[in-house]
Each structure stands twice: as structure tokens, then as C-alpha cells.
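Here is the structure we will look at.
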């Protein structure tokens, strides 16, 4: 209705003037009232969500900042004192921080590489005329719905156990030495498990994007004598650029805070070999009860995540306008 | 000639897709098989694939020894409760942003998205201390609350993209016919919004069911959902693979079924509408 009264819709003054004089404008008041009512309603409907999210974002973050400036140990209550940036100095110069930062980067980078490099050919394959494609889709997507604690424990025991695991049996079958996964290559083992969980996500998004690719464009390229490889490089790959970016950014957000998989398999070990930043902060907070240092670490994690988020929000925002 | 190459292509791609699909699905299948073995057979080398003594005793033992249903109930209450509350808050918000957008709507949406980017570990310490102070540790209500807030941005976003697709002309037509906002909501909007609502609900249920950061950190026994219950199998070393598999199968089966139904919406929900 608003479209019929564009001026009244936005301009309060002209409305007041007009409404005072004629019957005609009095009749127009009905839709306008509805509009004002609607706007008020709209705002009050939005408030609870905005308010809750605002509190959820501000209060814990403010507390984290506050705690990060305190010497504060749960083992020694009542001894809290202001120490300025001491916790940050401690956290950032702790050898465990550098090790965990490195582990985090290796974990995120490897899982991204694995899921995208395997996801692209898999999505291309599933985009072909496949008999029973829907069933194949079900099998491929399934790992994504398995809770992290289940997938980690099933992989660790049933598949990766150095003696009785399926991988050990397969290795012996072809005459290789079985790998003691969680002792010899602990971080790689975690990477494999996490990559298995996220491969379906990457594949599904890339497949969705492929299916929206214009068939005619590909056919035209084929008619012009383009080989399958150059069709892929010049048509398919550019089309996939955006979904790949989206996959990278969203996976990064989740992968930066991988926790359960490490918690149930290695507990961060052996040594610090599978401790990522999330796990380091957890162990400082809830195992060593060092609130101050864990809070400083938490802020470092927030900063890292925000750098990624900055780019994601821009990409999604551009999409909102389109 | 052309026809032959097409058939060939179908055969090759079908075999390839089925092979890789099976490979990806295999760990789950292997787990389900192990849940029907005896502990000895689950551990045996060489492994038996189908010709073992099928038994359901693991499923009975899991319930007897560790009160599986208690934890399953916790999962249902926590995932279901947080989803329902999130919908109650999100539906009005998304409705208002989709149908009465203002200049700031886009900023509000992007700001909401950005709250989802905050790593949970960044606020673990204050949340833990607040929960400790108010006695919310290991309580179902505490987990409902935190999972609800954590997923709220995704729920609002998904609903927003669905509501956006409802043609506004229909609402205007209803308004012209003299429908009040209440009637408009019940008779026009709701029937058109139900598919979007349903898939948002499904995706949120899946996310909440599988959430394993807050549940592991904020609950131990009384309120522990299945994620935490399964994690308790990581400590005792020994021949518990069949029972672990049985418990795991029970824990993922319902969500796997729901997930298969909602896989199309999954892409949309998790990419915030950036890929449809």
C-alpha cells in the first residue's frame, strides 16, 4: 500500500498538513496509520533479538578484557590484582603459544587444502550423469551430521588403532608397516579426521554451485572445440571462485576453534603436538585455572577470528545487495 | 558413435561416484557393523565384514551400564529447547527485517552475522565463571540458553532469506482486502513461511545436537547430552569398541535421518545465503 503514497510514507510534515484539511486526506490516513503502526511493530519485534545478541556479544567480551588485565587464579581466590598487560606478555611469549599457533595454522591450512582439492573433483564427478545420484549424495553428506566426539573416537579406535584398527590390517595386507597414527603423526591424524568431517560441506557447496552453471555456456565452448581441460579452466573454475571463497572463509571460522576432536583423542599431546589455540586456552582456564592468562589468550583468538570475519562479512554483504 | 560415448561416460562416472561415495561413508558403516559384533570380534584381526555372529547385546549393555536414555533425553531437551526459543526470538525479528526494512537493516544483519564469528573459546572464561556463580554449570537450562544464543544469528539469517522470497504483492493484496496484521500473519504469511521455518528448525536442531564445545565444557553428568556421553568412552582403554559403536550409532542415527532430509537447505543456511 505504501507504494501508492510515497510522499506520505516518508514525509511526516506534509502528512500533518494535509490531514488537517480535507476528508480525502483523512481517508488516506488509514493506510498511513497502518504504516506507522507497522513500523512501530517492526521495531519492537526486532528489539528482543538485537538486545539479546548485543548482551551476548558485549558482556562476556568485556569480562574477558577485564580478566585479561588481572592476576587471577581460581586456585588462589581473593588474590586478584591488576597487572596491566602482563598476561599478554606471558601468553604471547609462552613457547606453548607459538607451538599452538603453528598447529592451528597447519590444521586450518591442511584441512582447507584437503577439502577443496578433493571437493572439486568429487563435485565435478557428482555433477556428471550418475545413476542413483541422490543416493551417492546421501553417502557423501553423511559425515557432516556425525557429532565430532563420535567421529573422533570411531576414527581413533576402529580405524587408526595401531594393532587392531582397519588401517593397520590394510597396511599389513599390502606388506607395509602399520602406522601408529596418534604417536607418530598425531597432528596429521587429527587433520584427517577433521577433513573427513568437512569434505562433505565443501563438496555439497561446490556441487550446488556447479548445478547452477549454465549448461549452454559449456556446450558452446565444446562446440567451439574447447577441450574438457580448457572448459574447466576458463569456464568452470572462474564460476567456482566465489563458492570456493565462501567455503574457505566459513570453514576457517569453524576450524580455528576445533576442540572436541582434540579433546577426546589426544588431549593436546603428545607434548604440545596437537594443542591448537582453542585447546591451549581451554587447558589454561579449566586445567590450570589461570583465568588472567586464559582471558588474554581468548582475546588473541578473537582478534585472529575477526581478521577472517572481516573478509567474510564483506563478501556476504555484497551478496545482500545483488 | 556419440551415443556410445555417452553411455560409456555414464558408466564410468557412475562407478566413480559410487566408489568415492562409499569410501566417504565407510567409517560410519564400519561403526554400525561393529556395534553388532561381540567385543572380541570387533577387536579381531583380520576383521570380519559381514560373516560374524550378529548380536544386539551391546545396545542393551549400553543402556544398562550407562543410562543411555538419560543422556539422549538431555540431548533432546537441549537441542529442542534451544531451537524452539531461538525460533521464538528469530521469527519476529526476521519477519520485521524482511517486510519493513529500513536503511539500517543491512547493517543489523551483518552485525548479527559478525557475532557468530566470535570464537567461543574467546569467551569461555567469563561464561564459565558466570555459570559457576549462578549455579548453571551442568544444568540443562544453562546449555539451552548458550546454544540458543550461539545459533540465533544463523536462525535469523536463514529465516530472513526465506521470508525475503515471499512476494510482497500478496501481502499488499491482502491488506487491500482489509486484512489486519494479525490475519495477514495467520492466513497469508504463515502457510507460505512453513517450508522455510521447517528447514531452519531442522538445521538448527542438527547444529545444536552436534555442538561439542559448550556441552563438553559446561556439563559433566547430570545435564550431559550425547556428545559428552560419547566422550566418556575416550578414557577407559580396553575392549569397548562394540559398545562405543552401539552408543555412537544410537547417538547419530536420528540426526543423520533429519540431516538427509534437510541437505538442500544446509548449503543455504551455512553459507548465510551466499550460495543457493
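Just so you know, glycine gets a Cβ as well, placed from its N, Cα and C.
Per TrEMBL, the features are as follows:
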- B:72-262: domain 'ABC transmembrane type-1' (DOMAIN)
- B:12-33: transmembrane segment (TRANSMEM)
- B:76-96: transmembrane segment (TRANSMEM)
- B:108-131: transmembrane segment (TRANSMEM)
- B:143-163: transmembrane segment (TRANSMEM)
- B:184-209: transmembrane segment (TRANSMEM)
- B:240-261: transmembrane segment (TRANSMEM)
Seminar exercise, completed: Outside the transmembrane segment (B:143-163), at least 6 residues beyond either end, the same-chain residues with a Cβ under 8 Å of its Cβ set are 77-79, 81-83, 85-87, 89-91, 93-95, 97-99, 109, 112-113, 115-116, 120, 127, 136, 193, 195-197, 199-200, 203-204, 207-208, 211, 214-215, 218-219, 223, 225, 265, 268-270, 272-273
Problem set entry | Surrounding residues of the transmembrane segment (B:76-96) on its own chain - C-beta under 8 Å, 6+ positions past either end | 140, 143-145, 147-148, 151-152, 155-156, 159-160, 163, 189, 197, 200-201, 204-205, 208-209, 215, 223, 225
For this session: Among B:12-33, B:108-131, B:240-261, point out the range having the most Cβ pairs under 8 angstroms from the transmembrane segment (B:184-209).
Result: B:240-261
